[in-house]
Amino acid sequence: LIVAWCVPCLVSLDTLQELCRKEKLTCKSIGITKRNLNNYEVEYLCDYKVVKDMEYYLVKWKGWPDSTNTWEPLQNLKCPLLLQQFSNDKHNFLSQVKKSKAITLKDNNKALKPAIAEYIVKKAKQRIALQRWQDELNRRKNYKGMIFVENTVDLEGPPLDFYYINEYKPAPGISLVNEVTFGCSCTDCFFEKCCPAEAGVLLAYNKNQQIRIPPGTPIYECNSRCQCGPDCPNRVVQKGTQYSLCIFRTSNGCGWGVKTLVKIKRMSFVMEYVGEVITSEEAERRGQLYDNKGITYLFDLDYESDEFTVDAARYGNISHFVNHSCDPNLQVFNVFIDNLDTRFPRIALFSTRTINAGEELTFDYQMKGSGDISSDSVDHSPAKKRIRTVCKCGAVTCRGYLN
């Protein structure tokens, strides 16, 4: 077990698996379990051929290196799902290259073209990698809703330089510690003078926990000092995402996106936007790099000042993958809960209308919580002027550029 955890960055996965088997060690993270330590379980199918009218598949055994792959007759394989995936991947490849003929060898044996087999293996490895990433995301999240991952478009796997977090990550030198010193003593926060009233604003939610205040108005939720319990109607954002969402590969060239797997009612809380909190000066520097790549993950915390920015490029949650639209179905609101420092509002995304299952979630990168999406609201800071990023949202009202 010590070997399995100490050397993964120094040797290949195949070598690790062989070491574990020789030492009779189990390591779930690399596929070595008690179940397959001495047994063979099909992980995926690599290739196909027909010999004397007998169908064979090249099998990759779970937890075993590629050097142990073997050709097995179809009748010995009890893995209908993997067989179906193999068939689907083959047909997907053929439909892409518009070729459907297998190679016919001189001895009349049939086999897949090497390019097809190579694609099928890559797709199988991608499927495993995305499943592991999905499991990791669900282990890290701290809310009810589940996260799913899907890519039926290309061979792109999990992002290599992205780390899932649930709340703001302050950059060195920035302190987000500003705990509240008092809370409400309401028995029913919906009817009594609660935290919003103390802050001079209206309670943000109705009895169905839908937002009822106009964009640009801050949300003050009950905090850790309040005497109300977790079922308080003024605790919505802090409960986290309640919906099952899917990170999926878009077919319009926008990379990854996020879609909902369930119906979301209008004016409902969907997710928070989190990332690394940096200074505006650092954001200016990073903005140059992002502009050159045609991407943007910078969100200015400009509720009352313009000192800090949230950068979700490397650290973030599922909102990292939400795409821009000039006709969005999500709206930005500033939220204050345990930290009342107006320089560090939490950024919450609420639905602007009913969003049906399977629909992509989007928000307008220029909104900044103001509710004003006219051209006058665009941030024209020097960082935004350098390179204009073309918008691909396809909306009728598309402005043509993200910035």
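Along the chain as shown, residues are numbered 1 onward.
Placement of Cβ uses the backbone N, Cα and C atoms for every residue, glycine included.
Annotation source TrEMBL lists domain 'Chromo' at 40-98. Per TrEMBL, domain 'Pre-SET' is recorded for 182-240. What TrEMBL records for Cys184, Cys186, Cys189, Cys194 is Zn(2+) 1 binding site. According to TrEMBL, the feature Zn(2+) 2 binding site maps to Cys184, Cys195, Cys222, Cys226. Sequence annotations record features per position, and here TrEMBL assigns Zn(2+) 3 binding site to Cys189, Cys222, Cys228, Cys232. Feature annotation from TrEMBL assigns domain 'SET' to 243-366. Taken from TrEMBL, the feature Zn(2+) 4 binding site applies to Cys326, Cys391, Cys393, Cys398. Taken from TrEMBL, the feature domain 'Post-SET' covers 387-403.
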Please determine which of the binding-site residues listed here (Cys184, Cys189, Cys194, Cys232, Cys398) has the lowest count of neighbouring CB atoms within 10 Å. Cys398
Rounded to an integer, what is the Cα-Cα distance in Å between Cys189 (Zn(2+) 1 binding site) and Cys393 (Zn(2+) 4 binding site)? 40
Starting from the Zn(2+) 1 site formed by Cys184, Cys186, Cys189, Cys194, give every other residue of that chain whose CB sits within 8 Å of the mean position of their CB atoms, in sequence order. Ser185, Asp188, Glu192, Lys193, Cys195, Cys222, Cys226, Cys228, Cys232, Asn234
Show me the subset of Cys194, Cys228, Cys232, Cys398 whose Cα is within 10 Å of Cys222 (Zn(2+) 2 binding site); these are the binding-site residues I mean. Cys194, Cys228, Cys232
Ranked by how many other Cβ atoms lie within 10 Å of their Cβ, the binding-site residues Cys222, Cys228, Cys326, Cys393 are led by Cys222
Cys228 (Zn(2+) 3 binding site): nearby binding-site residues from Cys184, Cys186, Cys391, Cα cut-off 10 Å: Cys184, Cys186
If you measure C-alpha to C-alpha, which of Cys195, Cys226, Cys232, Cys326, Cys393 (binding-site residues) come within 10 angstroms of Cys184 (Zn(2+) 1 binding site)? Cys195, Cys226
